[in-house]
Amino acid sequence: MRSLTAEEYVEAFKSFLDHSTEHQCMDEFNKEEMPNIVAGLGNGKSTINVLGVGSGTGEQDLQMIRILQAVHPGVLINNEIVEPNPQHVAAYKELVNQAADLQNVSFTWHQLNSSEYEQQVKEKGTQKKFDFIHMIQMLYRVEDIPNTIKFFHSCLDRHGKLLIIILSDSSGWASLWKKYRHCLPSTDSGHYITSNGITDVLKRLGVEYRVYEFPSGWDITKCFIEGDPVGGHMMDFLTGTKNFLGTAPAGLRQRLQDALCQPECSSKKDGRIIFSNNLSMIVVE
C-alpha cells in the first residue's frame, strides 16, 4: 500500500467531486452569505487584493471573484493564487482563458504549497497585505496548522477577512477520523482536522470569527460494488491510498466498508449510500 501521487490524487478527487454536492454546497454559501461578507472589503480602495491558498482548479475562486465584481463594480481585483499541483494550476489558467467576464482582474500564480509561500515571503522580507484570503479544504495537508493560520491572518489588511472552509464536526469524516481511525491505512499522511479544531486555534489567537454550517452529501454507493472503477477511485480518495481495494488486507477493507455504512457516517436514500460531507465556512476578521 502506498500514498497517492499528485496525478493520482487529481483523478481520485474528480471521482469525489462528480458524486458529491461539495461544489453545490459552496455555491449555496456564495449565494446566501458571500455578498454580505465581502461588502466591506477594500474600504473604498480602487484595488482589492485577494489571495487563494490551495485553490485547486479555480472554480470556487472565480465564483468568489465574480461576487466581488458584482458587489464592488469597477474596482480592480488583484488575485494571487498559491497552489502546488501543476495539473490544477494548468486547469485554473485554462478556466481564466475561457472566461470573458473577468475584466479588471489580474492573476498571479505561485506554484508552491502554503509553507513554501510563507518561507518565500519571509525570505523576501516584504509581506504584501490582502483584503480577502481564502483557504478552501486545504488545511488537511498543512504541517503546522496553528502557525499557518497565524501567518495568513497576519497577511490581512486592516479591514480584511480570512475565509476557511473545512469539514464540519457533523460530517461523516469527523466520525470516521475520531471513531474509526483504526479502519484507515497509515499511508494517508493528512491531518484529521474538522471545524472545532480550527475554531480552537482561532480562540487561542484571540481573533473574532463566525461559523456558517452547510449540509453536503457524497454518494459512495459504488464503493461497495466489486470491481467498479469509480468506486475504486472513491476509496483511494477516502484513504489517500493508491488502489486501496486491490492492495489493502481483506480485514482492513471490510472494517472500513462497515464503518462507512454506520449512521454517524452515512445515511441511506432510495437505495443509495450517502456519506455526510457537511462543511463549515469560518470567516475570520
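Our numbering is plain: 1 for the first residue shown, then up by one each step along the chain.
Even glycines carry a Cβ here, placed using N, Cα and C.
Keep in mind it's a predicted model, so treat the numbers as computed, not measured.
Here TrEMBL flags Glu22, Asn277 as substrate binding site.
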Listed in sequence order, residues with CB under 8 A of Asn277 (substrate binding site) and six or more positions away: Ser20, Thr21, Glu22, Cys25, Leu167, Ser171, Gly172, Trp173, Ser216, Gly217, Trp218
All-chain count of other Cβ atoms within 10 Å of Glu22 (substrate binding site): 20
